[in-house]
Number of protein chains: 2
Amino acid sequence: MRKIKLTVAYDGTDFHGFQRQPGKRTVQGTLEAAISRLNGTETHVTGAGRTDAGVHAWAQVCHFETGNPMPVEKWVTVLNQTLPRDLVIRMAEEVAPSFHARKDACWKTYRYVIDRSPVPDVFTRRYATHLPVSLDVRRMQRAAEQLVGTHDFTSFSSAKSSVEDRVRTIYRCEIREQGDKLRIEVTGNGFLYNMVRIIVGTLVEVGTGKRAPESISRSLAAKDRSAAGKTMPPEGLTMVEVGYEPWEGMD
Amino acid sequence: MRKIKLTVAYDGTDFHGFQRQPGKRTVQGTLEAAISRLNGTETHVTGAGRTDAGVHAWAQVCHFETGNPMPVEKWVTVLNQTLPRDLVIRMAEEVAPSFHARKDACWKTYRYVIDRSPVPDVFTRRYATHLPVSLDVRRMQRAAEQLVGTHDFTSFSSAKSSVEDRVRTIYRCEIREQGDKLRIEVTGNGFLYNMVRIIVGTLVEVGTGKRAPESISRSLAAKDRSAAGKTMPPEGLTMVEVGYEPWEGMD
């Protein structure tokens, strides 16, 4: 058996999230059906992270095992011919049998895009959240700095989450303005359920003046979901990168 | 009666073009239905240009007449609430009763985007044409320069076109590289049926080496559709601007 690592991009709009669910169109289900058909045997695909319904990926990483001797470049071409247009294999590599897409991931970067234009930009409406409000970006940046570091992120995860250890390390949280768009990028060693969407929702409340930038430390200390801001909708969120070497900052 | 000028953006993917057609989802039909509902009387909408099925607009200009005294800003908000998400009113202005969206247009700019990446970019797949071939952009630029000026564009229009006067003036034809994307922008005083898509198809043939850059002048002189290149598919094409003052170059 060989192990293949895939780098996958998808437009999450018309998927019920990454994780396989009976009778629903999911990224994992669609990939597994295509790969199983090629392999001639049922093949399980493991992803680096489960993205929610409506969340996109520019470089989700997956792995699967196969006895198929087809050269790796061929996997890209052949799979893309059978996959729907909103799910694309960007790269395939043969990796060591021990490689695990989720367990070996050292860090992930997510990007959240807010469209602040008065009327929604029709060309980015699927990938940006329309929020035509005035945001003080400097205040948001001051708040974002307080998230960097190792913290218990209980306040910034869905109350539904059953994970016990909620300590995560955020390596960077950067906000960039590009015309009417605001791009918030967060890199961390792991993310709890809804964590990025709650972080962005809290930063937006700082930007509108509803919260003080300094309140973030108190929100973290509270270890209570109600101490942070609202959960932002999924369409603005994209998983942009997964790293398999320890984080050493941006290139 | 007042005359209202609208600036409209749409994702053409799921429209059967601009022009109203019975039983089909078109931009004009969708706009007219929404405006007629608001006006309480059947209202005709005139556009600056008819975009084909699958072609997009960032700033198509339309006009209509109304007895409705609603302030112009309100038209934007109220119409956007009822319009589907792939059709957005960006601006509404009250104009002189003599204004005509098509007849008064002095120039139009179209943009064609080619995605040259090995696998299609999933986030621009609706707005760019995937063409993973090697293109010599310098050659294409030399060819593009020959299109600028006043010429008979018979060779660069669909053989189906029934227009008699095929002389048009191209003010600029510029090619820019942005990562894997190639953006070709053409500004002219008017465009024949399929003209931009044929121009781009011809420039692509120059870029791949199939045609010489100098062949453009001969193609123009031939006044025969078969003397130019293939018609490119619609998804890469966007109407980006319509000008109502004589062209004076870029800002």
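Note: Cβ is positioned from N, Cα and C throughout, glycine not excepted.
The Cβ neighbour count for A:ASP52 (active site, nucleophile), using a 10 Å radius over every protein chain in view, is 16. Residues annotated as active site, nucleophile in TrEMBL: A:ASP52.
As annotated by TrEMBL, substrate binding site applies to A:TYR110. According to DSSP, A:TYR110 (substrate binding site) sits within a strand segment.
What TrEMBL lists as domain 'Pseudouridine synthase I TruA alpha/beta' is A:8-101 (among others). Summed and averaged per residue, pLDDT over the domain 'Pseudouridine synthase I TruA alpha/beta' (A:8-101) gives 96.
The domain 'Pseudouridine synthase I TruA alpha/beta' annotation in TrEMBL covers A:143-245 (among others).
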Legend entry - Other CB atoms, at most 10 A from the CB of A:TYR110 (substrate binding site): 24
Inset, instruction - Sorry to bug you, but what's the C-alpha spacing from A:TYR110 (substrate binding site) to A:ASP52 (active site, nucleophile), rounded to the closest Å? - result: 13
